[in-house]
């Protein structure tokens, strides 16, 4: 009997709490309907969803600033060594105040105006080619009261001949030739008059030559 009374008392208390909770819920719902904004209050953050598919690539951005210069690289390998052929040079200019007393003899020049390479032999009056190539030779002779006749010779062959006679005054002759010479070819100026024609008057001669370009 005591247990039945205790159970009835417990059921009565539980009923009271259920009734109070129902009233409270009714009040809350009534307030919510009167103030709809209260329903917009966000709830707690849910768990992350699944990753979506990749998007389309974006447009390239503007160029960035230039970076700092890098460190010097290691030395490269040595280059190839090539032996360069130096350009040949040859030039002379010589002067004489007389012609040889016998014909068909080279004119002996006593003074070298220029012969830095030493290719002209003053003792023989002969130029010996040291560098194969194209050369220019020229001569100028002034004669006073005498006849002059000379030839430009190459290896014993006449290239050109000039002559003049100044019996009572002054005469001038000159000549220029372009010659292709090989190594050791010889060029000189040769007298073509006899001793009788050379006995009177005076003469002054200048003979020159230079390399235009080598072969």
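Yeah, the Cβs are placed from backbone N, Cα and C, and that goes for glycine too.
Listed in Swiss-Prot:
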type	residues	note
COMPBIAS	44-63	compositional bias 'Pro residues'
DOMAIN	43-81	domain 'Collagen-like'
DOMAIN	85-215	domain 'C1q'
CARBOHYD	155	N-linked glycosylation site
REGION	34-79	region 'Disordered'
SIGNAL	1-30	signal peptide
List of residues, in chain order, with Cβ under 8 A from that of residue 155 (N-linked glycosylation site) and at least 6 apart: 185, 186
Assigned element (helix, strand, coil) containing residue 155 (N-linked glycosylation site), judged by DSSP: coil
